[in-house]
Amino acid sequence: MKNNVIIVAGGKGLRMGIDLPKQFIPLGGKPVLMHTFNAFRSFDENINIVLVLPVSHQDYWKALCSEYNFTIPHTIATGGETRFHSVKNGLSFIKEGIVAVQDGVRPFGSTEMIKRCFDATATYQAVVPVIDSTDSLREMIDAERSKIIDRSKIRLVQTPQVFHSHLLKKAYETEYNDTFTDDASVVEAMGVNIHLVKGEITNIKITTPFDLKVGELILQKS
Ligand SMILES: Nc1ccn([C@@H]2O[C@H](COP(=O)(O)OP(=O)(O)OP(=O)(O)O)[C@@H](O)[C@H]2O)c(=O)n1
Ligand SMILES: C[C@](O)(CO)[C@H](O)COP(=O)(O)O
């Protein structure tokens, strides 16, 4: 079956707190987004890539591609108001097969982990990589009170989130609601079970300036 990936980079990067959107920040000599592309091309050199970008960033991205001589083929879709709307726009460019949704700002997924996610779709329709929490966890009851959560029951969710494309397209026909923080939550709302596979501690999402420092260290070690 054809492999596809929708790389979402339609966000504003508000938590990063700088003007340049975080997907374009150079890390180890090239923009974060280019590392993300390379991860998927290392997994499958024929993968169909759809990149979701706001209209206002598209010319800048094309200029970066020229500057870095970056020639991996891809289609550009337009970003939406939320991640949900961005994924939905990207999905309109997917015809058939298996489709992964990937945060553009999650550049360090290994080939082995990406393969693990895609391979599991031979058996399961919806696959998500997760890691355990190494911290204790508490749930807030109100502003003053909290209670411990059994961390053995908790998993931290990463991307790529990988689906049979007809299922993901069907799921994204639903109305948006703000509990949809990822693609698994949209598919789960249709009553479909989400199969979990092993993620990676280094598969971080670049969200804050601290994550950029961690990212430089991850690159040095790899
Ligand atoms: N309207 C949006 C919002 C987010 N994303 C993408 O979803 C991924 C995860 O989102 P997040 O880390 O929250 O990115 P931002 O929304 O850019 O960050 P912030 O919430 O700090 O503004 C990112 O690759 C981001 O570009 C998107 O495609 N469209
Ligand atoms: C999709 C995701 O990365 C899985 O952990 C996460 O839900 C994205 O959250 P964000 O607030 O949009 O960064």
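Glycine is treated like the rest: Cβ placed from N, Cα and C.
Residues annotated as site 'Transition state stabilizer' in TrEMBL: Arg15 (among others). Neighbour list (Arg15 (site 'Transition state stabilizer'), Cβ cut-off 8 Å, at least 6 residues apart, same chain): Thr207, Thr208.
Taking Cβ-Cβ distances under 8 Å and a sequence gap of 6 or more within the same chain, the neighbours of Lys22 (site 'Transition state stabilizer') are Gly11, Gly13, Met16, Val32, Val105, Ile206, Thr207, Leu212. What TrEMBL lists as site 'Transition state stabilizer' is Lys22 (among others).
As annotated by TrEMBL, site 'Positions MEP for the nucleophilic attack' applies to Arg151 (among others). Within 10 Å of the C-beta of Arg151 (site 'Positions MEP for the nucleophilic attack') there are 13 other C-beta atoms, taking all protein chains into account.
Lys205 (site 'Positions MEP for the nucleophilic attack') carries neither a helix nor a strand DSSP state and counts as coil. When other Cβ atoms within 10 Å of the Cβ of Lys205 (site 'Positions MEP for the nucleophilic attack') are tallied across all protein chains shown, the result is 15. The site 'Positions MEP for the nucleophilic attack' annotation in TrEMBL covers Lys205 (among others).
In this structure the C-alpha atoms belonging to Lys205 (site 'Positions MEP for the nucleophilic attack') and Arg151 (site 'Positions MEP for the nucleophilic attack') are separated by 21 Å. Within the set of recorded sites Arg15, Lys22, Arg151, Lys205, Lys205 have a CB atom less than 6 Å from some atom of ligand 2.
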